[in-house]
Amino acid sequence: MRSPETDSEHSETDSVGSSTDSQSSGLGAVRHQRRSAQRTDVFSLKAMAPRPNAGPGGWLCLLLPLALTVRLLRHATPACKDQARMQCLLTVAAGGMALETLCFFIYAFVKTGILVKCLVSLLPGVATSLSFYLLVDTSLTFAIIVGFVMTSAYQQIYIYTLRGFQRSFTYGEASVFVQGLVLFALSAIHRLGGFFCGGSWPTEEFDTLNMIMVNALFCLLVFCVALVLFPTLRKPCRFYLWTVMLLLAVTCMPVTRPLPLLALVQFLLRDQERLAILVFYMLLVVLTCLTVAWQIGSSAKANTRVRKIFHLLIVMVYIPGLIFECALLYLATGVALAAFVVLELLRLLKIPPFADRLAVAFSTLRTKRTPESWL
């Protein structure tokens, strides 16, 4: 028979052990809740930092589908049957991505049951696949694969954009940006794939420029994706090596006859007026560089008046191009876009020896509304 002291001590030990077990189980429950909350936050709009002092702008996800639909209805019977089919495919793809965005808002904002969430998650892929099959007249296998893969990829890129570029986009602006990237990738894959699979060489002047531009920007897009997927490419030596390879692919890949570099030289030297506008554009580039250097040397942040200089320079680029040389303006716009992307990569990845000067220029010219994450 045990003494009372022993029983009390045993009960105290049991109570301490039970309290310890309850504390450990409580900590485990808290950790489990945190982990589940972290997994939930991946698909929660609250975990994504949109641009401050701006509305959500969700309606912008309908902008590209509506624009492509209006164009398709106004030009219902284009001369080329393949072009008409591609326009219809891009319109359906844009509509599917807009539906994916709306369903994502419902999934993230509205509290519903698991069954409704599953249906909302499957709806964009099913609707896009059916639209490809019925409206674009594709095969059922192609419609299912492309419909689900495209909407899933769009959602992942959309989430990555909002989480990776914090305070840079509203929800609607991010949707327009990602839709544009996906539509361009689809168009480029269709055009380049059709060409390398036995398509004809471009004969018209603008078709040649368009093929060169599509090839160049698609190669640049692949390069940017590779930098995201393979961080080892961000080292200076490898970065410059792959940049040289990118330049060679753009200028020497046989997508035109003659090669793109020769085709561009012939295009620029064919017309004296075109050459004069090109010289004018080069002078504007030099003036822009001098303006940036002067602003950096003044060691003061640019005000609104200084930034208006760049607005004036942009207007001076577009006026002669729109009046006299639309093809040259199209080419110059693509070259400028590619150049700015490469310069921004140098600044963000801190690639020497240009990163420091670019960072100083950016900090000098940025406005108060520029997100801190861009620095």
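Any Cβ shown, glycine's included, is placed from N, Cα and C.
As written in TrEMBL, here are the features:
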COMPBIAS  1-13  compositional bias 'Basic and acidic residues'
COMPBIAS  14-26  compositional bias 'Low complexity'
REGION    1-38  region 'Disordered'
TRANSMEM  57-76  transmembrane segment
TRANSMEM  88-110  transmembrane segment
TRANSMEM  130-150  transmembrane segment
TRANSMEM  171-189  transmembrane segment
TRANSMEM  209-230  transmembrane segment
TRANSMEM  239-256  transmembrane segment
TRANSMEM  276-297  transmembrane segment
TRANSMEM  309-324  transmembrane segment
Mark yes when the transmembrane segment (276-297) and the transmembrane segment (239-256) have three or more Cβ pairs under 8 Å (sequence separation 6 or more) and no when they do not.
no
Are the transmembrane segment (209-230) and the transmembrane segment (171-189) close, by which I mean at least 3 Cβ pairs under 8 Å that are 6+ residues apart in sequence?
yes
